[in-house]
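Engineer: A single structure is presented below for examination.
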Amino acid sequence: MLRRLLERPCTLALLVGSQLAVMMYLSLGGFRSLSALFGRDQGPTFDYSHPRDVYSNLSHLPGAPVAAGASPAEALPFCPERSPFLVGPVSVSFSPVPSLAEIVERNPRVEPGGRYRPAGCEARSRTAIIVPHRAREHHLRLLLYHLHPFLQRQQLAYGIYVIHQAGNGMFNRAKLLNVGVREALRDEEWDCLFLHDVDLLPENDHNLYVCDPRGPRHVAVAMNKFGYSLPYPQYFGGVSALTPDQYLKMNGFPNEYWGWGGEDDDIATRVRLAGMKISRPPTSVGHYKMVKHRGDKGNEENPHRFDLLVRTQNSWTQDGMNSLTYQLLAKELGPLYTNITADIGTDPRGPRAPSGPRYPPGSSQAFRQEMLQRRPPARPGPLPTANHTAPHGSH
């Protein structure tokens, strides 16, 4: 009887339909969970149509700042977890470009080397902002103008490091960040390292420049370049935050990506291979505007990036902080930042003409081309047991 019932077409259709319904229900729930996991939830609501001036509330900050390295006469209470001076969305303007003298005048509390400590309370985080740089003076001034008041309202102890690549060779963003991390950690035991592109300006001071002890944070989740959304789940570009331990656990960033493209995906793969997970602020908080610019000479598209990405699983323990070499040419304490100039060498592979049409790096056409050429990441194997601690000593 049961056998004949199961053999009827209508019964089989009913069973198959029930299974599909259950699978769809579970899948929808799974996608909702993944959405929350990757930070695509909108989070709190902010009105970006009425931003505040980026220098709002600075006059309300208490007292004179504590000079870097100085000890207060008596123990101070910790600053609140969320500063009362935050204003939410702030206006970001690219014109006119302020002079360095104007920025210094607007930020009298900033100490030499771009250092700041809040007065009246002990900062909960000591954050080093590390900016790779070459031939982007206007972008750098815009970043300094917006970032200093932004960070002061968050009541952080911070320092800004600008890492300048000497010479005219191909630009290497990731290697410059490794240089900046090493030099910054020689100055102070920073709690948090913010790796920050020079052309990205934050639009919401609720986007706190602090690290997540659970794992690396990707902070620039909603750029105007991508329509204020995450371009793909593994994206780790623009602005990211790691504790020194997290940075060393993944052996820092790769040194072999000369030119534009590829290093962000290598870094995201390193996070996974080191047994960590990426966290993100809500989309409504992690807003950034990118300063418009043309393609940079010396930062052309990297034709080797896909070959390098295929090897990341096997190369990440050998290419990074433990293989970093450079010559420190200058380390100067300017009024708004610590300037580090380094000779990081040149691409040993030399130039190679990329296949297909060439678009300006960072353009929408270049991004689409990269998505079409992107190879699927290799499956992660067992984690290596190598010692990931960067050696101390010579460069």
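Glycine is treated like the rest: Cβ placed from N, Cα and C.
For 1-10, the entry in Swiss-Prot reads topological domain 'Cytoplasmic', with the evidence type sequence analysis. If you look up Swiss-Prot, you'll see 11-31 marked as transmembrane segment. According to Swiss-Prot, the feature topological domain 'Lumenal' maps to 32-395. Sequence annotations record features per position, and here Swiss-Prot assigns N-linked glycosylation site to N57, N339, N387. Sequence annotations record features per position, and here Swiss-Prot assigns disulfide bond to C79-C121, C192-C211 based on similarity to another entry. The UDP-alpha-D-galactose binding site feature in Swiss-Prot is assigned to 132-136, 171-173, 198-199, Y228, W260, 293-295. Under the heading Mn(2+) binding site, Swiss-Prot lists D199, H293, citing similarity to another entry as support. Residues or ranges marked as N-acetyl-D-glucosamine binding site by Swiss-Prot: G262, E263, D264, D265, R305. Annotated region 'Disordered' per Swiss-Prot: 341-395, in sequence order.
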Engineer: Measuring Cα to Cα, how many Å separate N339 (N-linked glycosylation site) from C211 (disulfide bond)?
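Structural biologist: That separation, Cα to Cα, works out to 23 Å.
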Engineer: If you measure C-alpha to C-alpha, which of C192, D199, C211, E263, D264, D265 (recorded positions) come within 10 angstroms of N172 (UDP-alpha-D-galactose binding site)?
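Structural biologist: If one measures from the Cα of N172 (UDP-alpha-D-galactose binding site), the recorded positions that come within 10 Å are E263.
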Engineer: Whole-number Å distance between the CA of N57 (N-linked glycosylation site) and the CA of V198 (UDP-alpha-D-galactose binding site)?
Structural biologist: 25
Engineer: Can you tell me which of the binding-site residues P132, R136, E263, D264, D265 is spatially closest to C192 (disulfide bond)? Compare CA atoms only.
Structural biologist: P132
Engineer: Please report the DSSP secondary structure of C192 (disulfide bond), reduced to three states.
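Structural biologist: The residue in question, C192 (disulfide bond), is strand (DSSP, three-state).
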Engineer: When you measure from the Cβ of Y228 (UDP-alpha-D-galactose binding site), which residues in the chain that are at least 6 apart have a Cβ under 8 Å away?
Structural biologist: A222, T283, H287
Engineer: Among the recorded positions C79, C121, D199, C211, E263, whose Cα is within 10 A of the Cα of R136 (UDP-alpha-D-galactose binding site)?
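Structural biologist: Checking each Cα against R136 (UDP-alpha-D-galactose binding site), the hits are D199.
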Engineer: Between C-alpha atoms, which of these recorded positions comes nearest to P132 (UDP-alpha-D-galactose binding site): C121, D199, D265?
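Structural biologist: Among C121, D199, D265, D199.
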Engineer: What are the non-local neighbours of C211 (disulfide bond), defined as same-chain residues 6+ apart in sequence with CB under 8 A from its CB?
Structural biologist: S125, T127, D191, C192, L193, R217, A241, L242, T243, Q246
Engineer: Measuring Cα to Cα, how far is C79 (disulfide bond) from V198 (UDP-alpha-D-galactose binding site) in Å?
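Structural biologist: Cα-Cα distance, C79 (disulfide bond) to V198 (UDP-alpha-D-galactose binding site): 28 Å.
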Engineer: Compare the Cα of R134 (UDP-alpha-D-galactose binding site) against each of the recorded positions C121, D199, E263, D264 and report the nearest.
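Structural biologist: That would be D199, the closest of C121, D199, E263, D264 to R134 (UDP-alpha-D-galactose binding site).
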Engineer: I want to verify one value. Collapsing DSSP to three states, which class is C79 (disulfide bond)?
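Structural biologist: Once the DSSP labels are grouped into three classes, C79 (disulfide bond) ends up as coil.
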Engineer: Looking only at C79, C192, the disulfide-bonded residues on record, which one has the least crowded Cβ, with the fewest other Cβ atoms within 10 Å?
Structural biologist: C79
Engineer: Between E263 (N-acetyl-D-glucosamine binding site) and C121 (disulfide bond), how many Å separate their Cα atoms?
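Structural biologist: E263 (N-acetyl-D-glucosamine binding site) to C121 (disulfide bond), Cα-Cα distance: 38 Å.
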Engineer: If you skip the near sequence neighbours and keep only those at least six away, which residues in the chain come within under 8 angstroms of D264 (N-acetyl-D-glucosamine binding site), Cβ to Cβ?
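Structural biologist: Those within reach of D264 (N-acetyl-D-glucosamine binding site), by Cβ under 8 Å and sequence separation of 6 or more, are Y235, F236, G237.
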